[in-house]
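**Student:** Mind having a look at this structure? Questions to follow.
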Amino acid sequence: MCPKTNFACAAPMSAYLAKNDECCPTYECKCPPLKDCPPSPAPTCRPGFIAKSVADECGCLKYEVDCVVPENKCKFTMASGEVKIYEIGQTWKVPGKPCESYECVAGTPATVQRQVTSCETKCALGYQYKPEIGKCCGKCVPVGCVVNGTVYKNGEAVPATEACTTATCFVDTMYGSSVSTSQIRCKNSIELPVCKKGEAQRVPGACCDHCRPAAPTKECAPCVARLVFTRAEDTVGYFRTSINGQICENKGQLADLRECSGYCSSAFKYFAVMNKYQNDCQCCQAQTTEKRVVELTCMDGSKVTREYDVPTSCGCGTCTGRR
């Protein structure tokens, strides 16, 4: 009688009868034919992943438990923990890092390359760097007007380049900075004091008269609307301003450019009701006006229009304003 044996083989081998011509059979461990390999179920993979199989020492295929990324694709884990799969050549960004970009580059396996963008933060004189929300780089925005190497802030007076003008800096973060110029307005001669004997009507280098000549006679002109200039051609360039750094002025004559001027009585009188002396001043001023439109031509040939008031009737009224 043959002894009872429990012959077993380690996987993946199986027990096979070695000799059967003797009284008691003998067994040996051998690899099974490939058609007899034990089945190995493939795991269920989510999109972008594949099941990976490996051959054991007997050549039988066995699937690994975890799914893997194909060698021709890139795996990227977001900060939130979300895993994404990208094809070779694809680029992408991550939220909150606008200066960083990523690309899936071919290789064995494919790899993820990170690129960081550097921003130029140095700005020209008169500009300041300002970051932009949600963008990698900001931009240089104007903060002042640059005149002869000096930066003037918005609303600040700028040295005028022309006589009898004033210049002011205006800054717009969208359209840039510009220097606006305007003519110095002189007082009407009727508002000026009478020049003293030997006194010059205008100081050399000044833009306006500071006194008016004494009237040659005692007859005074009444308060009426009069032409500012006796010659219409003198009105050319009367309205002058600067728009976006360009000088704009009227090229045509203004036939009805008028002002109120003339004599109004003034006195320092005794008022019995008040029981004291008081000033009784009357000034020549506009009673009614009309709107006029003037066309201004700029240096680049563009045209703009502006409105101005022209007195149609004048009269004497109580003086107002500072003394």
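Quick reminder: no glycine exception, Cβ is built from N, Cα and C everywhere.
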**Student:** If you follow TrEMBL, the disulfide involving Cys316 connects it to which of the following: Cys248, Cys260, Cys264, Cys281?
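**Tutor:** Here TrEMBL pairs Cys316 in a disulfide with Cys264.
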**Student:** Just confirming the record: what cysteine out of Cys248, Cys260, Cys281 does TrEMBL connect to Cys314 via a disulfide?
**Tutor:** Cys260
**Student:** Between the disulfide-bonded residues Cys264, Cys314, whose Cβ has more other Cβ atoms within 10 Å than any of the rest?
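**Tutor:** Selected residue: Cys314.
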**Student:** Report, in whole Å, the straight Cα-to-Cα distance of Cys316 (disulfide bond) from Cys260 (disulfide bond).
**Tutor:** 10
**Student:** For a quick check of packing: other C-beta atoms within 10 Å of the C-beta of Cys316 (disulfide bond), how many?
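**Tutor:** Total other Cβ atoms inside 10 Å, all chains included: 19.
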